[in-house]
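Noted in Swiss-Prot for the protein shown:
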type: COMPBIAS; residues: 409-428; note: compositional bias 'Polar residues'
type: DISULFID; residues: CYS137-CYS215; note: disulfide bond
type: CARBOHYD; residues: ASN18; note: N-linked glycosylation site
type: MOD_RES; residues: LYS330; note: N6-(retinylidene)lysine
type: REGION; residues: 404-428; note: region 'Disordered'
type: TOPO_DOM; residues: 1-65; note: topological domain 'Extracellular'
type: TOPO_DOM; residues: 87-101; note: topological domain 'Cytoplasmic'
type: TOPO_DOM; residues: 123-138; note: topological domain 'Extracellular'
type: TOPO_DOM; residues: 160-182; note: topological domain 'Cytoplasmic'
type: TOPO_DOM; residues: 204-232; note: topological domain 'Extracellular'
type: TOPO_DOM; residues: 254-286; note: topological domain 'Cytoplasmic'
type: TOPO_DOM; residues: 308-322; note: topological domain 'Extracellular'
type: TOPO_DOM; residues: 344-500; note: topological domain 'Cytoplasmic'
type: TRANSMEM; residues: 66-86; note: transmembrane segment
type: TRANSMEM; residues: 102-122; note: transmembrane segment
type: TRANSMEM; residues: 139-159; note: transmembrane segment
type: TRANSMEM; residues: 183-203; note: transmembrane segment
type: TRANSMEM; residues: 233-253; note: transmembrane segment
type: TRANSMEM; residues: 287-307; note: transmembrane segment
type: TRANSMEM; residues: 323-343; note: transmembrane segment
Amino acid sequence: MSHHSSWRGHHCAPGDINCTAGFKESLGSRNYKLLHVPVHGPTHSHHHDPPHPFPTVDVPDHAHYIIGSVILIVGITGVIGNALVVYVFCRSRTLRTAGNMFIVNLAVADFLMSVTQSPVFFAASLHRRWVFGERPCELYAFCGALFGICSMMTLTAIAADRCLAITQPLALVSRVSRRKAGAVLVVVWLYSLGWSLPPFFGWSAYVPEGLQTSCSWDYMTFTPSVRAYTILLFVFVFFIPLGIIGSCYFAIFQTIRAAGKEIRELDCGETHKVYERMQNEWKMAKVALVVIVLFIISWSPYSVVALTATAGYSHFLTPYMNSVPAVIAKASAIHNPIIYAITHPKYRVAIARYIPVLRPILRVKEKDLRSSFSSGSVSSRRPTLTSQCSLGVSMGNAARANGRWGKTRLSSASDSDSCWTESEADGSSVSSLTFGRRVSTEISTDTVILSSGSSVSNASGQKSERAHKVISVPVPSITFETDAADGESLSDGKALLGGN
């Protein structure tokens, strides 16, 4: 039932102190009431909204409706897109890997962000105010903080995973498993929860913001407690993770550049293949980098607004300046599925395979689908880490050829079991280890690799005058218990021999 009210009364003569009678007429669709209320002085006909526990802002109605429509589109896209990411990455055997667990977790956080934020924001925008009460406001803001922080921490974990995959490939093989990736994700959620709960216990608060149709933590109140929470929140969930991400990608770039230079000097066919695999890993790292950059761009306007208010300049902020950045930040939930649908070939093929109705949109070729099906049908015992080209240096040439590419890889060549995964540590796949080739790649024309570095032999196998002992290093060809068709979760750069 719609209601409105208006003031009606007698015009009082100037100076007539006995004129205190007035009437408030409450108009409904079926009834009329006349309520006697005291008035002082002359009255005029004007409208009053009914009292409400939450404040409102004086903006045109269409502003609420436009923002509500945008957030509804963002929510629908985020729910559908991230649900597809979770479904496809969990369904496809080639994508069900330890490294991709971080991508799935990011999609879960974005999915929950879309589910909990967009419908409520849209409904409040239709009413042009927050209508759900104090506790729902706190819960709404808590969910936004929790899932937003979790997304940022997950992106940090993805950057670290890509960094290890390229700069420390064999270390990643031996150390990263699904169980350990799951443990990292548990830490991510607990860390996010730790920064989302304090407003419930009096450190800052969750309150309506902007156009008063959504809620967030209180960054507008200029008190020491509120300012301390806001500053620490940005330091530990935005700036420090941002620094870690930047450091990881700087290390990735440096490794790729150095590896390319050293491989050109070695001029070995197998090392060129290794470099190509590393380049493939770099392509995946670039996809993750695009997701990270877009996430940071989405949250940067909101960060600027919050930090501006924290610095004591909240009087410069308008309701629009608070609400629009909040909408942009919530839109970060749709970047992940869109980017992977455009740039991740295996993801596109998997969607086309499991959701045929989307094939025309994705434009996946039939031969790619057949190739994906055949690769997914082969035995899961497929080699993903094979090193048949090893590097070596003589003691006399060490000064010239013991750069990072040669020296660090050689350091682990004598300890071949450092390349094994946990699935092989129990000896269940010993038969899959094939010690086939000996060291064959030459850096100089008359040297082969030494595990101890104590002697050398020439290319024909004869001992040189300097040699006291020749040690040949068998190089294992290792087959992993994995579902990945090309070892994508392990970094194609892991075909390197060694790599601490």
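Heads up, the Cβ atoms here are built off N, Cα and C, so glycines get one too.
If you average pLDDT over the topological domain 'Cytoplasmic' (254-286) in this model, you get 72.
Among the disulfide-bonded residues CYS137, CYS215, the residue whose Cβ has the fewest other Cβ atoms within 10 Å is CYS137.
Helix, strand and coil counts under DSSP for the topological domain 'Extracellular' (308-322) come to 10 helix, 0 strand, 5 coil. Here the transmembrane segment (66-86) touches the transmembrane segment (323-343). Their Cβ atoms form 3 or more pairs under 8 Å, with each pair 6 or more residues apart. Of the candidate ranges 102-122, 139-159, 233-253, 287-307, 287-307 contributes the most Cβ pairs within a distance under 8 Å of the transmembrane segment (323-343). A simple way to gauge crowding: the CB of the residue listed as 'N6-(retinylidene)lysine' has 27 other CB atoms within 10 angstroms, across all the protein chains here. Residue counts for the topological domain 'Cytoplasmic' (87-101) by DSSP state, with H, G and I taken as helix and E and B as strand, are 7 helix, 0 strand, 8 coil.
Taking CA atoms as the reference points, the residue listed as 'N6-(retinylidene)lysine' and CYS215 (disulfide bond) are 12 Å apart.
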